[in-house]
Amino acid sequence: MHDTMGLLVLLLLPLAGVSGLPFYNGFYYSSSPVGNGHGEGLFNGVKLVVDTPQGTLFSHQGANVTLPCRYHYAPALASPRPVRVKWWKLSENGAPEQDVLVAIGLRHRSFGDYQGRVRLRRDGEREASLEMQDLRLEDSGRYRCEVIDGLEDESGLVELELRGVVFPYQPPQGRYQLNFHEAQQACEEQGAAVASFEQLFRAWEEGLDWCNAGWLQDASVQYPIAQARRPCGGLGLAPGVRSYGSRHRRLHRYDVFCFAAALRGRVYYLEHPEKLTLAEAREACQEDGAQIAKVGQLFAAWKFRGLDRCDAGWLADGSARYPVAHPRPNCGSLEPGVRSFGFPDPQSREYGVYCYRPR
């Protein structure tokens, strides 16, 4: 006996008062017979295929990006069929899955922080690509594009990574003062987010060497060693990322590794006739139409804009630092990096200031 198959079709009915129909993400569905007048269906040898890129997509904070996703049938169908497209972000580092967008035809709905920032691309047949605007730090991750035709669904994976820089951070109180929640707040205050293990590992591959243990996004505590030495795990261990494993998010205290994405704005050393206190530094940036730079912004400007200055300046957290892209005599060590003077007396007049002006 031949089974009758059904195709999910969007009913353009008011959402209130509809009963007996399945409900999903703001849409009601009912069944209608499969078939398009040509005897083609999902279960008579026709396969739904979803195509997404293999490599990682790279972008930067504040940018717009398209996550490619297209679909086709093999063998090809003689006429188009209605489908439902769903995008969601996969679970990572303990964070839950997030619905991003669901659409049928011209009707769509976006969710959470993605509302108003995402839409489906409409410039081609069988196009399911997702356009995202004003990228945020938390947008990095893996996204799944699912195409549903009746009872058949296929999906593909797209990985999005924001270009950024990992930097170790400790507060004015000193070493190992942050529990996990305080570490999250500290990175956020510096225009950054807690780094993932993948981001820290990539930074280690690029030469990051730091002996103090710090929190990562999954609440583990680790540190990167490029040069083995006795105080940092001993001489007998090969270089690598050392791990203390997972730690209690409230009770245990360490430093933190933050991740700052590439900037659209500009960080610059303010030319001023005299050195400034911390309060005067904040005011001077405001008078220049900017704001005092955060630590993450200075690191991003050093990494991606080649900011190179031998003058120490105040930053928003009360620290004094300066970025060196091209090491030279009388400018700190012979390695590129952001040099730190720690957290001087806020009344000290020994420093200038780094400002940040958004674009």
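Numbering starts at 1 and runs along the chain as displayed.
Cβ atoms here come from the backbone N, Cα and C positions, even for glycine.
Just so you know, TrEMBL annotations are computer predictions that nobody has curated.
Feature list (source: TrEMBL):
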- CYS211-CYS232: disulfide bond (DISULFID)
- CYS310-CYS331: disulfide bond (DISULFID)
- 47-163: domain 'Ig-like' (DOMAIN)
- 165-260: domain 'Link' (DOMAIN)
- 265-357: domain 'Link' (DOMAIN)
- 1-20: signal peptide (SIGNAL)
Inset, instruction - Mind tallying the domain 'Ig-like' (47-163) by DSSP state, helix then strand then coil? - result: 6 helix, 62 strand, 49 coil
Inset, instruction - Summarise the domain 'Link' (265-357) by DSSP state, stating how many residues are helix, strand and coil. - result: 21 helix, 25 strand, 47 coil
Inset, instruction - Would you pick out, from the disulfide-bonded residues CYS211, CYS232, CYS310, the residue whose Cβ has the largest number of other Cβ atoms within 10 Å? - result: CYS232
Legend entry - Between CYS331 (disulfide bond) and CYS232 (disulfide bond): CA-CA distance (Å): 26
Legend entry - Helix, strand and coil residues within the domain 'Link' (165-260) as assigned by DSSP: 22 helix, 30 strand, 44 coil
Legend entry - Local confidence of the domain 'Ig-like' (47-163) - pLDDT mean: 91
Legend entry - Separation of alpha carbons, CYS211 (disulfide bond) and CYS310 (disulfide bond) (Å): 25
Inset, instruction - Give the number of CB atoms, excluding that of CYS331 (disulfide bond) itself, located within 10 Å of its CB. - result: 15
Legend entry - Distance [Cα-Cα, Å, rounded] between CYS211 (disulfide bond) and CYS331 (disulfide bond): 23
